[in-house]
Each structure stands twice: as C-alpha cells, then as structure tokens.
Ligand code: CP3
C-alpha cells in the first residue's frame, strides 16, 4: 500500500468543485490541486511509463504473459499499476494499459510486438477499412472498470490517472500498420483524402473519449490524453486536421470534474493549440523549457514535465542540478506537475527515479 500523502494544505482548502472533499482524498491531492492551479504542499511528481520494464517486479509478474493479455486481467493491471507507487512514493498511479487496448477491445486485429510496439493486421487506407472501428461502449472493456475500481480502493488518497491515445497518434498506428518514423502514409491520407481522414479521426475520437470516460466513471482522479507523435505536424495541419478531434475526445469527460492532461512529444509549437483543445494541464517535453512553455501558454493552464529521460543516466550531480532547475522554473507556472519529457527508458536504474522523487518533494516543500 502507498503511504498516505501528507498535505498540510489539504485540510485548509477543499477542492473547488468536487464537492466536500475529504482531507487526504485523491480529489484533494497535490496532483489534482496542481492540475487545477490551486496551492500545493509540494510539487507533485509521477513518471510516464513508471510501470514497466525498468522494474524487476514488473518483469517478474509479466513473465510469459503477452502484453495485451496482461492489459485485460484486472489482478495484473492492479498489481503492475501499484508497483511504482509502492517503490518510488510518487504522487499518482498511472493506469497500466496501452493506447491500443480500446482498439483491440472493439475487435481490431492488432498485437503489441515486444521491442517493436503496436502492429495492425489490416491498416486503414480506404473507406472500407473503417468498418473495423465501431463505437466503444463500457461493455467492451469490463476489465478496465473492474481494475480501476480495485485500484481506487487500494490507492486510498493517491490519485489514479486514466489515459487514452489521441486520435492522431492512434490513426498513425492504424494507417501505417505499426510504428513509423516519418508517418508518410498518415500524412498522405490526411492531405490526399481529407474526408476519409476526418471520418477516421471522428471514430477514433469517440473511442478515445469513451475509454477515458470509462476510467473516470470508475474512479480515476485525472486523465491524460497521449498524442505522442503529433509533434510531427505543423500548426496549420494540427489546426485543420487534428485539433477538433482531440477536443471531442477530451470533451467526453468534461462533465466529470476530472482534470485533463494533454501530452505530446516535440510539440513546442503546438502547446497553446493543445491547451485550447480542452486541457487543464499541457505536457511539455524536454525540448522546450518550462519557462518558454509558460510564456506560450499563459495563465490558464498548468504544465507537466519536463526532465529529459536520458538525464536519468547522468551522474547524480548533473541530474540533481537539472531537477532543481525544473522545480524552480515550475514555480512560475500557475500549476506544475513534475514528470519526464517522455517515458522512462527500460534500462534506467529504478533507484534513480526514487531519488528524483524524494528530491522534488524535498526542494519544493512549501
Ligand atoms: O506506466 C505507464 O506509463 C502506464 C502504461 C502505459 C503503457 N503504454 C504500457 C506499455 C502507457 C501510458 C502507454 C501508452 C502508450 N503506448 C503510448 C503513449 C505514451 C508514449 O510513450 O508516448 C504509445 C505511443 C504506446 C504504443 C506502444 N506500446 C509502444 C511504442 C510500446 C513499446 C514497444 C516496446 O516493446 O518497446 C508499447 C508496449 C508497451 N506499453 C509496454 C508497456 C509497459 C512494453 C511492453 C512490455 O513490457 O512487454
């Protein structure tokens, strides 16, 4: 079990709109408060891909079980999601799943190939290929609801972050058929057949939004929309072909009072547009400083980020300096959640993550 968060600020100021929050309830945690741009007791921290191959206990429980199967077993989802919370004392759990799980759940023929990523049997290239993409309903993913409920009970005051892939990033896997460096088929479809692109993204926005909603309704305290590969686009393409679909996905949980985090890699030029899609928090990768990000975003958004995951391999002195700088820069933001600029690399020493978490907590204590 995670240790209960100590949050001196929590008893003084209940969360704004989630009703009479219990002191030490997840809705009143530093993570949720930072996302809402409210005062915190210290900068909250979690790591993208904190659950995964960097942890020996993860490798042990996953032994012999394919990735997608492990995402459909509530017992395993719960155990894997809790592992990094127990180990690092992070301020949030990220639900263990994958962005392609909802696609698998509605019957898309795909697999997650170790060392490669998602691979799709029948890539989307023509209108007939959209038949694979039916609406997602909670009945498609009972194991998600069950796992979230179990987790919320186990986690107590520690918030659970639910997530989904954004339409562009999901479309990229579906159109390319697998991971892609240049996204050439995706961009060719976007520009060559904008109507089909729109129809594809509209379906993905429903699926993505419904997947977020299932998690939020089962008790997740925040959600993150991962548009990992959207940094491949210009502002014009993002505005014309992507933003409204991400907005639809985020709007699916608007009435549920869970803060919404919107993240992408290489999205320095898109930060404002990603905020305007309906986010409370905009994820910043390590290519743009938090100072620049805050200047671009203005006062209406909290930020999340932005330690370069490769710096976890640097000598402690260098890493410590950078962590302190990021915490300082984050203080200029209306709200700051400490994270990496992208996911934990599998070969990282997990003890370094524990040490970074403790350092952020220590230097940011108010
Ligand atoms: O701790 C967490 O962050 C929670 C779990 C999580 C996974 N995938 C587990 C996973 C999350 C949030 C994701 C999201 C995801 N999946 C994204 C967006 C985030 C990002 O990194 O940009 C993307 C693009 C995917 C697609 C995907 N799935 C990739 C590229 C891979 C890696 C392939 C590989 O083997 O290197 C996966 C597989 C995957 N998803 C693993 C994990 C822990 C590794 C599989 C394993 O452990 O066997």
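Cβ atoms are placed via backbone N, Cα and C, with glycine included.
Annotated substrate binding site per TrEMBL: 49, 50, 51, 52, 53, 98, 173, 228, 342, in sequence order. Taking all protein chains in view, 15 other C-beta atoms sit within 10 angstroms of the C-beta of residue 53 (substrate binding site). Look at residue 53 (substrate binding site): DSSP puts it in coil.
Per TrEMBL, compositional bias 'Low complexity' is recorded for 1-24.
Annotation comment: TrEMBL describes 44-53 (among others) as domain 'Uroporphyrinogen decarboxylase (URO-D)'.
Looking just at the domain 'Uroporphyrinogen decarboxylase (URO-D)' (161-177), the mean pLDDT is 98. The feature domain 'Uroporphyrinogen decarboxylase (URO-D)' is assigned by TrEMBL to 161-177 (among others).
The region 'Disordered' annotation in TrEMBL covers 1-29.
In the three-state DSSP scheme, residue 98 (site 'Transition state stabilizer') is classed as coil. Look at TrEMBL and you will find 98 tagged as site 'Transition state stabilizer'.
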Residues among the recorded positions 51, 98, 173 that border ligand 1 - Cβ under 6 angstroms, in sequence order: 51, 98
What are the DSSP helix/strand/coil residue counts across the domain 'Uroporphyrinogen decarboxylase (URO-D)' (161-177)? 10 helix, 5 strand, 2 coil
Binding-site residues compared (49, 342) - highest count of Cβ atoms within 10 Å: 342
According to DSSP, which kind of secondary structure is residue 342 (substrate binding site) found in, if we only use helix, strand and coil? coil
Quick one: give me the count of other CB atoms within 10 A of the CB of residue 51 (substrate binding site). 24
Between residue 98 (site 'Transition state stabilizer') and residue 49 (substrate binding site), what is the CA-CA distance rounded to a whole number of Å? 10
Quick tally, other C-beta within 10 angstroms, 98, 173; top of the recorded positions is 173
